[in-house]
Each structure stands twice: as C-alpha cells, then as structure tokens.
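Only one structure is covered here, and it is reproduced in the block below.
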C-alpha cells in the first residue's frame, strides 16, 4: 500500500520541518491541536508504548529510550535522597524530621521501582503501567513538598525549625521526567502546574516572607513553562517521525512477499474462516447445551461467508426486497429508473393533461453585484427561487451563481484564479446545457443552491477544505451538462452512441464528467490552471465521485452503502477525504432531487417540468415502437400518484438517512417536514382521482390551470367538479 498522501513525505534521515509548521500541518488531520495527541486512540497508545518501553527505534531522533529513561529518573531520585542524608549529616541535624523525609522518599522510590518491575512481568500492572509511572512522578513531587515548614510544624511541632527546601528537588525531577514517565507535553504541563499549586498552598501559612515564597514560585513556574516548551518541540518531531515509521512499515509490508489477504474483503473472509475453524474445534469439547448454540453460530457464520464470497458487491441491494410492499406501478418505475435492473413492461393507469410551462414576464438583465441581495439567499434560504434568477439574468443562472460563489467563498483568491478564466469557464459550461424542460442550467443552479444550504446548515460547513468546496461547486453546476433529455435506460435500449462509448455504465453521468474536464483542457477556460498536482487530483476525484453518484441506477446501492459504512459509526467521522466523499455523494443526490422538498409553488413548477421531459421521451419511444418507460406515457400517467410514490420511496428515505448523519434541525424542519407535506398532498390528489374515475370534470375558469396540471381527465365522465370540490383539496388551495 502506498503512503498516505496526508503524511509528510520527508525521509527519516532528513531534517524535520520547523516545529510551528509541523504542529499546524499535522494537527489539522492527525493530531488534536492543543494536546498533540493522535486522534486514533490505538495509534496514540502505540506511540506511548514505543517511547516509554522501546518498541520502536527512536534512538535516531532521541538519545535514550526504554529502560535507560527509567534508570536516569530513578537514579536521580536516589541521588537526591543521598544528598539529603549528606546535608543533614554534615550539620549534625539528625532528628525525627530527617528520619521522616529520608524514609518517606526512600519508600516512594522503592515502591516506584517495584511497580515498574511488575509492569514488565505482570499482566494486571502492564495494562496501567503508564498511569502508574506518572503517578510515581506526582507522588514523589508531593513528598518533596512535604519537607516545607507548615507541614513539618503540623507533624513535629517546634522541632521543625530546620529544613531543606524542596525547590531544588522539584526542579531536578522536572528536567529528567520528559519522555521518561510522560510522553505528552500537555499532560506533563498540567501535572507540574498542579504541583506548583500544592507548593504555593503549603508555603502560605509559613513564617517565610511572602516575597520569598512568590519568588520561589516564579522560578518554579518559569522552569515549568520552559521545560514544557522544550517538551513540545521534541514531541512534535517524535510524533512526526513515528508517523513516518508507521507509513514505511506498512509500505514494506505491502511491498514484501505476503501470502496473506491483499484486500479488505479478503481480510474479512480470512477472519471468518479462522472463526469457523475455531468454533468447529470448540463444538467437539462443548457440553450438549453449548453445542446447540455453537452450531447455530457456525451456521450463521457459514451463511455470512457464503454471502460475502458470492456477491459482486456486498453493499448492493436486492431490488425485489426494496419494492416488495410497493404499488405495482411504483415497483415498475423503481426497477426501471432507480436500479440497474431493466424491465420493459409498462402498465396503464390514469390519464393526465400537462400544461406547458408558461413564460414569466420579461425582466431586465442584471449582474452579480446588482443581484447581491437575491444571491445572498443562496445557502441560507432553502426555497431559493432559481426561476426568478433565470429571468433576471436572461437565462444565465448558472453563470451568475458560479461567479457569486467564486467570490463568496474567495476561491479566486485561494487558488489564484483570474476572473476572466472562471467567467469563461462558467459561460462555456452553461452554453453546453441543452434547452430541456427540466435538465437545463436553471436546474444546475438550483441544485447548487440546495447543496450549499445542506452544507451550511450542517457539520459539513466546518469539515470541507477549500479545494473540496471548489470541486463541489463545479460538480453541482456541471452534474447534468449536455444532458440530452433522456434517461440512461432509453439511451441503452436505443444503442445510442453515448451508451456505446461508456459501455452502458452510468452513461450520462460519465459524459457529464468528461464534458467538464474537456472544458478545462483549453487554457482560456481552465479553472484549475493554478492548482498544484495534489489539489488537481483531489478536485478531479471529488467531482467524478459526486457526479457519478447522481446515477439513478445506483441509488439503492449507494444508499445501502451509506447506511452500512457510515450511519452505523457513532463517531460520525469527517476527518478523512474518503468519509467526506461518502457524505458528499449523498448530499448532491439529495440536492439533485431537492425540488421534492421545496414549498408548493416551487415543487409544483419543477414537477411539471420533469414530467414534461418524461413525456417527451415517451413520445419518442412510441415513434420508435419501443416499450414506453414507466410514467413516461402522457396518455396513462397519473402525475399525483407518480410524485407521491417518488417522494415516499426515493426522496424521503434519502433525506432521512442523510440527516440521521448530519443531525441538522434546519434540514429536518425545512426539508424533511416539507417532503411529508408534499407526499400527503399528492396522495390526497391521487385518492380523489380514483373517486372521480367515472365523473365528467368541468371546473370553473379560476381553477382551470391547476386542474389541468394535476387532475386526470377520464373518458366518458358525467360529473362536473365544482368550486366546493376544489376547496376541499388543500394542495390546490
């Protein structure tokens, strides 16, 4: 396995980076900023064990390791006790105070050495040996402070006139304990600050002048700060080299001859095989009651192993199970449009008339700065009206939205993109969009507005890097570029040139990706021209992954994968690019069908447009004598039923899954609740259609447009739907 690109690329023999740059760079991804600890707990534990007990070869970066560290510390403690004895012996100051100090310090030393030896040879102590060693340091410091006058007076009364200051001893152990008992500067600093506080409290009641006490405390605190700063510098370098050693070890392991698992699925399979063998051996030795339970476990593991080894993709979904309880028409639609399984059977339902979208009144064309008040709603207002933006900009919503976002997120400054280049890029991108009823540049701008809202109202806003924001904006604006207005299924059945070129796999989505990167091949429109190699790789990967995720045929597989890989992880990680890509796939999918969660006026208009495009495809399928795709027949499709099923089976589960990860109250209140309202309204309409199946409908002119859009007309109807009937319909009102 190659090295993680997030790791520094210096060799072990080169000079480390400066401390400040290392801590800031590593802290962003691998360490906590304040404590410098690895975010991976097992890695942090391994680092501590490596430093304290010599499990890694750190002698290249630090002169001593393992047992040598402990010998230096305990040797210092022993020397300090001998100095006590020497001082008292020189001045003939033998007393109970002398006996107390020497005996207490000697006991601490002996106890520490015993525990240290046990930590190497006893399993119980080995688990807590790092904590025990740190407690030894703290307790030795406390016993040194017990030499102070107030403590002696409390214990020995007037005999406590003569004492030796504990400050020299505290300063000595302070200097020799780094990477001996402590591997983290933060823990080291906190422990010594606690000792300084105890030192101050124990001196305040003494006869010693306050100035002398404060002066001693200042010396001690200054030394603590100095030693902690030195500790920090060395620790950063050690963690840096430790990470390099880890990466090199993994690289050597993967490059060497290894007969073990070569991939994650092989590794999982090997664990299962080992578990099966272990259980089989236990069954022969188990009691009668245990044998039944073990046999059941063995059966389940065998099923698991068989499933893993037989499935092409363990995250793939069974479309038959998903659609088991759906209406037959919805089931057929899901199989055709939202999975890789194609079925050519099409059933008839109600008849519906669809009104062509009327043009709004013409508005003056405005640019970004003149529309700033409107554009500022992007990312803040879920129900941003992209239709109004289209009219204000003379059908250039993509260009204006792209220019605004480049300025809003300061991407032009972050990546040194000239204004002329990104304007020409967005102009070219918009020009390649076809004038489809639904899949056009207005839809692209609307998807970006929805995407930015979900991002800004969730934890994603703090997790994305600048290059990922740039990639997300381009992916959203370009996710349907050059869309012909037909589905992948239609192109595959027609043996279209695009289907042949992209091997029937995510045909349109592959074409969208390719079109975007064809644009940047020209220097005048190369929005990535200033990106370095790593940024280019990251931007391209994010764009491709996000756009491919909009393939309706992969919907249930991606949703199942998202639930299995991320939703079951309680930590909700977003630190790695891989995890962020997983979440962004679902976010762009949610934004792509975001109109289903908009208020009535917007959802109503988008629904008419998407159905209009479906019906255009159905008309062509009729002309070509091909089976008409589900919900694409303008003579049989019930829009209200199809839209209710779409929200129930596709949109609502997607938004609920995404927000169970993002946990955003704004998404729950403005998106998910509106989805439920829209579903309820469509279902109400569908039920009324069935009740009027044998009625003649002649609504009043005030309601004619809405009725023509949503209520199917039945041949041979005899009843007139009056104004009172319409007032009972909450959707129309």
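For all residues, glycine too, the Cβ spot is worked out from N, Cα and C.
Check TrEMBL against the ranges 29-48, 49-68, 69-88, 209-228 and you find transmembrane segment recorded for 69-88. The feature transmembrane segment, as given by TrEMBL for the ranges 188-204, 239-255, sits at 188-204.
Of the given residue ranges 1-22, 89-110, TrEMBL assigns the label region 'Disordered' to 1-22. Sequence-distant neighbours of residue 442 (AMP binding site) (same chain, six or more apart, CB under 8 Å from its CB) are 386, 387, 389, 390, 395, 397, 398, listed in sequence order. The binding-site residues in question are 440, 441, 643, and the one with the fewest Cβ neighbours inside 10 Å is 440. Across the fold, the C-alpha of residue 441 (AMP binding site) and the C-alpha of residue 479 (Zn(2+) 1 binding site) stand 10 Å from each other. Looking only at Cα atoms, residue 439 (active site, proton donor) sits nearest to 480 among the binding-site residues 479, 480, 592. Spacing of residue 643 (AMP binding site) relative to residue 479 (Zn(2+) 1 binding site) is 23 Å (Cα to Cα, whole number). Rounded to the nearest whole angstrom, the C-alpha distance between residue 440 (AMP binding site) and residue 479 (Zn(2+) 1 binding site) is 10.
What surrounds the Zn(2+) 1 site, by Cβ distance within 8 Å of the Cβ centroid and not counting 443, 479, 480, 592, is the set 439, 444, 447, 476, 483, 550 from the same chain.
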